[in-house]
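Colleague: As annotated in Swiss-Prot:
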| type | residues | note |
| --- | --- | --- |
| BINDING | Asn10, Trp11, Lys12, Gly175, Ser213, Gly234, Gly235 | substrate binding site |
| ACT_SITE | His98 | active site, electrophile |
| ACT_SITE | Glu169 | active site, proton acceptor |
Amino acid sequence: MTKKKLIAGNWKMNGTLGANAALLQALRGGLEAGAYQNVDVAVAVPAAYLAQVQGLVEGSAIALAAQDVSRHEAGAYTGEVSAAMLQEFGVRYVLVGHSERRQYHGETDEQVAEKAQRALAAGITPVVCVGETLAEREAGQTEAVVKRQLAAVIHLNGHCISETVVAYEPVWAIGTGRTATPEQAQQVHAVLRAQLAAASEHADRIRLLYGGSMNAANAAALLAQPDIDGGLVGGASLKAQDFLQIIAAAA
């Protein structure tokens with residue numbers, strides 16, 4: 001079964017009202033000018049800009065994504081944003097378990113699984129992020145780490161795991177300019193695909209994204225791998241031309 005590739009931009013904690021408008025105008029123009037109907041495109045924006053970006057992408061091929069969601073339904077959780085709130089802004093995807101959330105906010109595998117569950121219940125596709133640190137890779141633990149991270153999500157959401165997207169982001173390659181080789185990335189994606197296949201008969205439907213310094217120069221080689229179904233793009237998604245080149249590589 002042929003899946004549409006998914007190229008999702010993660011703006012992280014970047015943007016201004018003016019810069020967002022200019023970036024999305026350029027992105028819309030580029031998408032309308034090119035033949036990219038076979039690629040799904042999303043932008044994950046800071047929560048403060050969800051309303052603005054919802055308006056800016058309306059009627060376009062760009063789907064709105066959020067960078068995080070609360071594992072709680074509602075209530076006294078100051079600073080958190082619920083899945084129901086994201087749903088009201090037309091959010092289609094939400095990142096859960098990004099390495100920066102795990103690293104700086106101490107998110108556990110179980111909490112990430114709960115966030116995925118909240119998103120799924122609200123009809124939002126969770127983009128479940130998994131990946132190993134440099135120390136873990138050098139200790140030969142890559143496979144064990146990503147399988148452990150994904151297992152928690154499968155355990156809690158097994159019945160609808162085929163409704164998720166999984167992103168492999170080697171932590172040592174995020175924002176460092178270092179990239180996993182296409183072969184290294186494919187090796188891990190194949191492990192994840194096998195783990196998903198053991199949990200769901202619809203594993204072939206699940207899109208596996210690569211997220212670790214994907215850019216215009218390396219996107220085509222990464223996306224040519226059999227189990228890489230798209231990209232979770234950081235820095236390059238803040239420049240319209242770079243992001244469009246990655247989308248073109250997926251088309």
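Cβ atoms are placed via backbone N, Cα and C, with glycine included.
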Colleague: Which chain-mates of Lys12 (substrate binding site) that are at least 6 residues away have a CB under 8 A from its CB, listed by sequence?
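Modeller: The answer is Pro46, Gln67, Glu100, Gly234.
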Colleague: Far apart in sequence but close in space: which same-chain residues, 6 or more away, have a Cβ under 8 Å from His98 (active site, electrophile)?
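Modeller: The answer is Asn10, Gln67, Asp68, Cys129, Glu169.
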Colleague: Please work out the number of neighbouring Cβ atoms within 10 Å of the Cβ of Ser213 (substrate binding site), leaving out its own Cβ.
Modeller: 21
Colleague: Tell me the Cβ contacts of Trp11 (substrate binding site) under 8 Å, same chain only and six or more apart in sequence, or just say none.
Modeller: Val43, Ala44, Val45, Pro46, Gln67, Ser237, Leu238
Colleague: If you count the other Cβ atoms within 10 Å of each Cβ, which of the binding-site residues Gly175, Gly234, Gly235 comes out on top?
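Modeller: When each Cβ's neighbours within 10 Å are tallied, Gly234 tops the list.
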Colleague: By the DSSP assignment reduced to helix, strand and coil, which category contains Asn10 (substrate binding site)?
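Modeller: Asn10 (substrate binding site) sits in a strand per DSSP.
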Colleague: Using DSSP and three states only, what is Gly175 (substrate binding site)?
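Modeller: SS state of Gly175 (substrate binding site) = coil.
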